[in-house]
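Engineer: Pasting the feature list from Swiss-Prot:
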{"type": "ACT_SITE", "residues": "T7", "note": "active site"}
{"type": "BINDING", "residues": "G162, C165, T168", "note": "Na(+) binding site"}
Amino acid sequence: MEQYHGTTILSVRRGNSVAMGGDGQVTLGNIVIKATARKVRRLYNGRILAGFAGGTADAFTLFERFEAKLDKHQGNLLRSAVELAKDWRSDRALRRLEAMLSVADREVSLIITGNGDVLEPEQGIVAIGSGGSYAQSAARALLENTELAPRDIVTKSLEIAGDICIYTNRNFTLEVLE
């Protein structure tokens with residue numbers, strides 16, 4: 001069976017603002033199946049931003065589990081992320097899920113992986129997915145050399161990634177916490 005490919009999710013933090021955006025392309029093999037997928041969402045009454053890279057069904061399962069952890073831990077992002085990662089690593093069914101999450105609140109940005117890792121990247125930039133390294137490079141250059149707001153850095157960086165990565169398009173979803 002062919003694998004779903006694609007996605008670029010980027011989160012940038014500057015000052016009291018964090019923005020997260022993602023493209024809308026879903027690819028099966030060398031065919032674009034959907035160009036308008038929504039891979040970035042608000043969770044926990046709009047206080048948490050979350051984006052996914054990987055299998056769509058797997059990601060929705062993880063979103064559901066992550067929201068349950070947020071409810072259980074009163075919106076504590078770090079604790080919820082660690083608890084989800086523990087479950088993901090130890091639960092036989094969850095271990096088969098092929099996705100990665102990028103999550104952020106007003107204080108912290110994290111990557112949660114299926115290996116049980118919870119990572120807080122440096123410089124306030126989180127990038128995942130096939131176009132993640134392109135978007136991360138662009139975001140870092142813009143963050144270090146301009147005064148652009150996170151929203152604008154994410155938009156411009158996703159445009160650049162969309163021009164380079166064949167699994168990334170320019171149909172973005174963007175969410176901001178200020």
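Cβ coordinates come from backbone N, Cα and C, glycine included.
Since this is a predicted model, take the numbers as computed values, not measurements.
Can you tell me where each of these features sits in this structure?
Structural biologist: Spatially close to T7 (active site) yet at least six residues away along the chain are G22, D23, Q25, K39, F52, A53, G54, I128, G129, S130, G131, Y167, T168, judged by Cβ distances under 8 angstroms.
Around the Cβ of T168 (Na(+) binding site), 29 further Cβ atoms fall within 10 Å across all displayed protein chains.
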Engineer: Determine which residues of the same chain, besides G162, C165, T168, have their CB within 8 A of the center of the CB atoms at the recorded Na(+) site, and list them by sequence.
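Structural biologist: Everything else in range on the chain: T8, D23, Q25, S130, G131, Y134, A135, L158, A161, D163, I164, I166, Y167, N169, R170.
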